[in-house]
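Noted in TrEMBL for the protein shown:
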- 14-26: compositional bias 'Low complexity' (COMPBIAS)
- 499-509: compositional bias 'Basic and acidic residues' (COMPBIAS)
- 425-487: domain 'FYVE-type' (DOMAIN)
- 1-32: region 'Disordered' (REGION)
- 496-515: region 'Disordered' (REGION)
- 589-613: region 'Disordered' (REGION)
- 96-147: repeat 'RCC1' (REPEAT)
- 148-202: repeat 'RCC1' (REPEAT)
- 203-254: repeat 'RCC1' (REPEAT)
- 266-317: repeat 'RCC1' (REPEAT)
- 318-368: repeat 'RCC1' (REPEAT)
- 369-420: repeat 'RCC1' (REPEAT)
Amino acid sequence: MHTKGASSDAIRVSTSSAPSTSSHGSAQDDYDSSGDVYVWGEVICDNTVRVGSDRVIRSTGKTDVLLPKPLESKLVLDVYHVDCGVKHAALVTKNGEVFTWGEESGGRLGRGSREDSLHPHLVESLAVCNVDIVACGEFHTCAVTTAGELYTWGDGTHNIGLLGNGTDVSHWIPKRISGALDGLQVAYVSCGTWHTALITSRGQLFTFGDGTFGVLGHGNRESILCPREVESLSGLKTIAVACGIWHTAAVVEVIVTQSSSSISSGKLFTWGDGDKHRLGHGDKEQRLKPTCVASLIDYDFYRIACGHSLTIGLTTSGQVLSMGNTVYGQLGNPRSDGKLPCLVEDIMSEHVVQVACGSYHVAVLTNKSEVFTWGKGANGRLGHGDIEDRKIPTLVEALRDRAVRHIACGSNFTAAICQHKWVSGAEQSQCASCRQPFGFTRKRHNCHNCGLVHCNACTSRKALRAALAPNPAKPYRVCDSCFMKLNSAAYSSTINQNKRKEAVPRHSGESNPDTKLAKAIVPSNLDMIRSLDSKAAKQGKKTDALSFLRTPQMTSLLQLRDIALSGGIDLNKSVPRAVRTSAVRSLNSSRAVSPFSRKPSPPRSTTPVPTTHGLSIAKTAADSLTKTNEMLNQEVERLRAQVDNLRHRCELQELELQKSAKKVQEAMTLVSEESAKSKAAKEVIKSLTAQLKDMAERLPPDQGAYDGSEAKQAHVPNGIEMYASMYTSMNGIHQPRNEPVLLMLKI
């Protein structure tokens with residue numbers, strides 16, 4: 001992709017097309033034409049501040065975009081798929097390359113850098129793969145290649161198994177997931193905040209990550225480090241899946257018998273946390289295994305999307321059903337209490353072909369290429385020019401005439417892909433470059449790269465590989481700025497190719513061009529790894545973090561070396577084109593060839609085929625591999641020592657906890673005994689007080705006077721002696737001699 005080598009500061013609107021976050025598929029079959037990406041809601045922006053005359057403080061922030069605006073990019077992109085997360089997003093070009101942008105955290109952008117990205121940047125480590133789709137969670141990102149391989153990257157320290165590679169180590173560049181997926185082709189993947197679900201080409205459903213609330217569907221709440229098939233759905237074909245934060249939903253193909261015939265129908269299954277009635281079962285109980293939503297048994301589903309506490313289903317007839325929390329009106333039906341699934345009635349006159357969910361808002365795309373949104377309106381995520389909530393579907397007027405192809409929802413922002421619209425003379429009366437008005441002598445001309453209208457003087461030159469050119473191999477009229485950009489990109493690409501060729505040692509007797517092409521593969525991959533390491537070193541990363549960055553590429557290089565040394569594969573043989581497999585009943589379409597392909601002519605293949613006779617790796621590459629292997633071994637030993645130390649400390653802490661628990665138990669027992677004794681003593685005192693009062697009332701009123709020194713001793717049968725002064729008579733009035741009565745208790 002020649003335009004990727006350009007280091008221009010000019011910003012242009014990217015030409016893209018993309019499907020939804022949670023419901024894959026297409027609304028149109030026209031994939032050959034370009035498209036424009038529009039975004040709205042809370043998006044990342046540049047907060048760079050100049051301090052003084054020579055100091056600039058660079059930083060990024062967030063801003064609210066209330067109406068759809070074109071996505072700005074420094075590169076000419078032709079996008080096939082896009083997905084949005086919480087604070088970042090990723091897209092795939094028609095040439096199979098992945099670009100990411102947004103806030104960096106734990107490596108979720110996959111570029112080996114700690115810097116935030118305002119504009120889409122290429123994920124270099126996936127440049128040799130043909131990626132089909134991407135999915136974004138809050139802390140991690142996933143990609144599926146046309147060969148059915150799954151790659152994950154991001155912050156693995158937040159939860160066990162988030163990346164599905166058996167560890168909780170973060171990966172700053174993509175790493176392929178194997179193990180249980182060996183021999184299987186992944187067709188679709190969906191990312192939640194703490195877990196991930198994927199569908200194979202045969203309709204098998206696998207999940208991994210945090211198992212809290214039974215969100216993985218394995219019948220328990222255990223976390224899974226690697227992908228594991230959901231056994232309760234084994235033998236059934238899963239055609240769609242979506243992950244919320246603590247719940248999961250899937251559409252499963254079930255054979256239904258009607259009269260004398262049997263037909264397949266997509267039924268909705270949900271499991272995980274049932275709070276806010278998000279599972280649609282009429283209660284708030286957890287479901288540890290996939291459970292069919294009984295109230296929706298009569299509907300035939302084929303798309304599904306999940307929000308924070310929300311589930312949206314789309315039927316084959318274009319109806320939308322919602323279930324879950326009603327706090328912001330995200331159910332789209334003001335009369336529903338959310339306890340049972342409800343129809344979104346205000347959109348029943350439209351045929352919906354795609355649904356997508358953010359945390360608390362919903363977007364749908366109709367067969368008329370119109371977008372409707374409803375739910376929470378904060379940050380302008382609904383695209384209506386304000387921040388008001390909408391309880392019923394409302395048309396996004398700004399996209400009415402934009403021929404929208406796809407929609408995607410992030411947590412608090414939204415993206416739409418529209419067919420590229422040429423600027424006509426009626427809409428623009430002056431040149432986009434020189435700002436001179438058009439007239440009889442100043443004619444209008446469209447630039448075949450940026451699509452804007454320019455005059456003849458500003459579009460006097462032609463260039464190859466223009467973004468909007470019907471044939472990239474032929475020169476087409478472009479404006480002066482695009483001409484310089486395309487030439488600069490082509491020049492940079494040529495220099496890079498020459499450097500790679502010079503890095504390959506020449507051997508006498510080599511005249512086969514296939515041999516030269518294959519030999520250039522290993523140094524290019526090695527240069528890519530070195531460049532990633534140098535970028536990471538500039539960012540201040542430690543050696544232990546970079547060791548994990550090298551792991552996936554070192555593995556691929558070792559595999560490449562083994563293939564190369566074995567020989568026996570001819571590059572002249574035709575490579576079959578990868579066939580797209582979809583886990584859903586989606587429209588069949590093929591990718592158009594990108595006008596900016598990485599290689600001049602060969603078609604896309606499932607995997608690169610680096611083969612020729614007598615291929616050998618350069619000595620410097622082998623030495624580098626050996627040193628890297630030694631560094632990795634040392635790092636592994638160091639980590640093992642840390643693990644042993646932590647395990648020993650954990651055991652000591654467990655012993656201390658056991659001792660403390662024993663002491664607490666003994667103290668509780670002693671407190672219980674003392675409490676019982678105190679209670680018994682209080683009962684005895686109460687009883688004796690009652691006896692004393694009774695004895696005082698029984699004394700005769702005219703009993704003679706007693707000497708103050710005389711006292712009557714009362715013996716109580718329970719062994720407690722009581723002494724009380726007797727009453728004396730003075731002038732016919734009886735008064736107690738001693739106050740208060742003295743009680744002596746022997747316990």
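The first residue you see is number 1, and the count goes up from there.
Placed from the backbone N, Cα and C atoms, the Cβ positions cover glycine too.
Those TrEMBL annotations? Automatic predictions, nothing curated.
Mean pLDDT, taken over the repeat 'RCC1' (266-317), works out to 94 on the 0 to 100 scale. Per-class residue totals from DSSP over the repeat 'RCC1' (318-368), listed helix then strand then coil: 3 helix, 19 strand, 29 coil. Taking DSSP states H, G and I as helix and E and B as strand, the domain 'FYVE-type' (425-487) has 11 helix, 14 strand, 38 coil.
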